[in-house]
Amino acid sequence: MTPARAHWVVPEEGDGVMRTVLNVIWLVLCGVWLAIGYAIAGVICCLLIITIPFGIASFRIANYALWPFGRDLVRRPDAGAPSVVGNVIWFIFAGWWLALGHLGTAIALAITIIGIPLAWANIKLIPVSLVPLGRMIVERPELAYPGYRPAQPAPRY
């Protein structure tokens, strides 16, 4: 029996270039403004001491809003009951307003054919704007940037 050897997964030549282009367009047109808004909300939440978890979640959303293509927001497996309670409070006071804002922006962007990918990024922000606690950002290395070659173990048969 031979030990599993690592092999290189090389993405095709054009993979990731479109993601980078979309991220740059997103950053200029939408990302900076969304990130600033979420960062200001995060600072306000952190100043109010009791809402620090919401502030940290706002900073996480701001980070994601800067460069959304090639990354995903997923649920943290260790998030427990406090996140659920916090998400209910967030949903009542801020979440649905933010989700409506993202939906309205997505519709406006989708009307222009060129804005459809940006509309999709706004749609991806709706779930995290509704319930931000208990989420984490994960990189999708196969789509992260051009030329990225992640090492993966060989398949076992």
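Cβ from N, Cα, C; glycine included.
TrEMBL entries are annotated by machine, without manual review.
Taken from TrEMBL as is:
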type: TRANSMEM; residues: 21-41; note: transmembrane segment
type: DOMAIN; residues: 21-71; note: domain 'Inner membrane component'
type: TRANSMEM; residues: 47-67; note: transmembrane segment
type: TRANSMEM; residues: 79-99; note: transmembrane segment
type: DOMAIN; residues: 85-135; note: domain 'Inner membrane component'
type: TRANSMEM; residues: 105-126; note: transmembrane segment
Chain residues outside the transmembrane segment (47-67) and at least six past its termini with a C-beta under 8 angstroms from it: 23, 26-27, 30-32, 34-39, 41, 73, 82, 86, 90, 94, 125, 128-129, 132-133, 135-137
For the domain 'Inner membrane component' (21-71), residues assigned helix / strand / coil by DSSP: 42 helix, 1 strand, 8 coil
For the domain 'Inner membrane component' (85-135), residues assigned helix / strand / coil by DSSP: 45 helix, 1 strand, 5 coil
